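*Asks:* Reproduced below are the annotations present in TrEMBL:
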- 16-35: DNA-binding region (DNA_BIND)
- 73-250: domain 'BPL/LPL catalytic' (DOMAIN)
- S86, T87, N88, Q110, R114, G115, R116, K181: biotin binding site (BINDING)
Amino acid sequence: MLKLLTLLKDGRFHSGEALGIALGVSRSAVWKQLQLLESELDLAVYKVRGRGYRLAAPLMLLDASRIDLMAGNGSWPTFIHDEVDSTNAEALRLIASGQVAPFLVLAERQSAGRGRRGRAWLSPFAQNLYYSLVLRVEGGMRQLEGLSLVVGLAVRQTLLSLGVASAGLKWPNDVLVGNRKVAGILLELVGDPADVCHVVLGIGINVNMQEAEIDQAWTSLRLESGQLVDRNQLAALLGDNLRDYLVRHREHGFSALQEEWEQAHLWQGRSVSLIAGSTSIDGTVLGVDHQGALRLDVNGVEKSFSGGELSLRLRNDS
Ligand code: ATP
Ligand code: BTN
């Protein structure tokens, strides 16, 4: 099926006969593979009598050598999968099998892409970026403080340089355009955080996706810019920005990036509810502290909150 996809990826018409010859199969076998492409990979194929078949839109598949070529300051060893359950899960398996970090795992599609607290991340084939960068962290807790917020800054910077000028952040891990989610970040850690550990920086960016059933407001780079985005170029740019921000974070700590993060935070000064399980705290967003914890004004008193189980929602009166 992937060989057929490679033949069709230019978005031009190909006759059933020509496809059959190139694949060494009958025309009816081509027809069956086309149906599989549509059902399993969720790709629309146009069929026109007398002209043949073409994909609804041209496809550019992920390509490590193109990413490498476009990256400004080198790239990490990269593993690209046509399909994987989750690039974060695959990264964790590679760590367990002794793969030396840093390294990068990418996929065309995730069958079990994950968000925080077991929520699902919709990951259709060849439309978006599913990106997991693995780092070995030796500096103890300080190297981890605010790390997911730093990744958010790098993602936002990447989107700004691609022309999505209004991309901003929502504490702790969302990248939004207005109130629509364009990217999400999920950090997963193995080892001893106080000593030596590995951290997986999982990033999902909606790139060329134009239709999806997601139970909250979302958008994609294509919907925002009106243009098809080259995911290899995006991966290269993201890599460059991650390198820059990670070096600044490693050398100076999160406090050096705190102000920049607050400037990028879309909900500064807004009235919010902070939800932790069944309890909820109302307050006004002041910003973040030196460790990346959320600072809220709660009835005139400044309080800081951190932890993976917290969710922020706008209050109706804000
Ligand atoms: P919070 O982080 O504040 O708890 P959240 O609702 O954004 O809120 P996350 O775990 O960060 O939760 O993200 C997972 C959620 O994102 C899913 O439950 C779904 O609503 C939404 N989602 C899933 N796939 C996508 C996608 N490709 N693009 C945008 N949003 C998605
Ligand atoms: C969120 O907003 O809750 C985080 C979503 C993170 C999705 C990315 S896609 C690449 C990596 N692999 C996963 O399974 N999740 C992250």
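Glycine is treated like the rest: Cβ placed from N, Cα and C.
Help me understand the surroundings of these features in the structure.
*Replies:* Counting only same-chain residues 6+ beyond the ends of the DNA-binding region (16-35), those with a CB under 8 A from a CB of the stretch are 1, 3-4, 7-8, 45, 47, 52-53.
DSSP classifies R114 (biotin binding site) as strand under the three-state reduction. Neighbour count (other Cβ atoms within 10 Å of the Cβ, all protein chains): 21 for R114 (biotin binding site).
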*Asks:* Please give the average pLDDT for the DNA-binding region (16-35) in this predicted model.
*Replies:* 92
*Asks:* Over the span of the DNA-binding region (16-35), count residues by DSSP class, listing helix, strand and coil in order.
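*Replies:* Going through the DNA-binding region (16-35) residue by residue, I get 17 helix, 0 strand, 3 coil.
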*Asks:* Counting every protein chain present, what is the number of Cβ atoms, excluding its own, within 10 Å of the Cβ of T87 (biotin binding site)?
*Replies:* 29
*Asks:* Looking at Cβ-Cβ distances, which residues of the chain lie under 8 angstroms from S86 (biotin binding site) while being 6 or more apart from it?
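*Replies:* Sequence-distant Cβ neighbours: Q110, A112, G113, R114, W121, G202.
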*Asks:* Suppose we screen the binding-site residues T87, Q110, R114, G115 by Cβ distance to ligand 1 with a cut-off under 6 Å; which survive, in sequence order?
*Replies:* G115
